[in-house]
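Now, the feature entries from TrEMBL:
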- 23-171: domain 'Pseudouridine synthase II N-terminal' (DOMAIN)
- ASP38: active site, nucleophile (ACT_SITE)
Amino acid sequence: MDGLLLVDKPTGMTSFDVIRNIRRVANTRKIGHTGTLDPQASGLLPLVVGRCTKLANFLSLDVKEYDFEMELGVETETGDVEGEAVRECPWEHVSEEAIREACEQFIGEIEQVPPIYSAVKVNGKRAYELARKGEEFELEPRPVTIESLSLVSFEPPRAKLHTRCGSGTYVRALVRDLGGALGSCAYTTAIRRTVVGRFSLDEATPLAEITPENFSDLLLPPIELMREFPTYTVDESMCLALGYGQNIQPERLDVDVDSFVAVANEAGELVAVTVARETEEGLALRPKRVLKPQH
């Protein structure tokens with residue numbers, strides 16, 4: 001079995017807990033993730049299955065969308081409901097309009113310091129491991145992109161917001177910084193991921209509803225992983241050539257040099273991920289990853 005499984009992860013589980021669960025359901029160890037989701041967050045978690053684990057690097061899943069809630073007036077050590085409160089701040093002065101104006105400050109490419117309870121590595125160790133041991137350290141700010149950040153509703157001291165952002169963005173850090181920009185402090189009470197790349201939560205299945213009986217039916221075929229790339233259909237002889245690592249010469253294919261092209265057989269099944277190259281004979285597709293046929 002090969003494909004992409006879109007899981008609606010519940011809160012309280014790590015991404016690896018989900019993978020272990022799915023491995024038992026599918027009776028295979030060939031399952032991997034395309035990017036983790038915080039244990040206290042719920043929502044869309046794409047998993048690659050079988051031979052598609054070799055395609056994860058080609059997936060463009062940079063854009064993410066989250067619905068989240070923040071509570072003003074309290075800061076916790078983890079930035080969410082799991083941590084102990086470390087600071088209390090006045091929040092009564094914060095208005096709906098003030099939140100909308102503060103959100104505007106975070107649009108674009110910004111510098112963000114990850115939460116100390118995060119998977120960022122410090123001298124080869126995860127930050128959360130050092131934090132749990134009580135070790136002191138500092139994390140450097142990193143550039144992240146916030147495409148949009150908007151207020152959905154405000155019932156003081158809680159606000160519901162939505163963001164569309166790039167990879168590497170921590171919603172907990174965004175809430176922390178937003179609270180500071182409002183002259184208060186804040187922590188995250190709920191996070192739900194709704195979009196990853198071109199995939200949405202509407203396409204996902206709750207983890208508890210994934211069973212050995214329906215698992216294969218829930219898999220998106222390998223060709224679906226390559227949604228954003230142009231697709232070129234080839235005959236059996238070209239499939240064999242790609243399998244031997246040979247370039248193929250496409251006809252009537254208008255793509256930029258160095259761009260990825262998904263190659264499918266006449267049945268519409270993914271055969272290979274290729275990259276377009278300029279050669280003496282013209283445009284060629286060079287195989288980067290070939291899915292060997294299963295017999």
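Each Cβ is built from the backbone N, Cα and C atoms, and glycine gets one as well.
TrEMBL entries are annotated by machine, without manual review.
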In the chain carrying ASP38 (active site, nucleophile), residues 6 or more apart in sequence that have Cβ under 8 angstroms from it:
ASP80, VAL171, ARG172, ILE191
Over the domain 'Pseudouridine synthase II N-terminal' (23-171), what is the model's mean pLDDT?
93
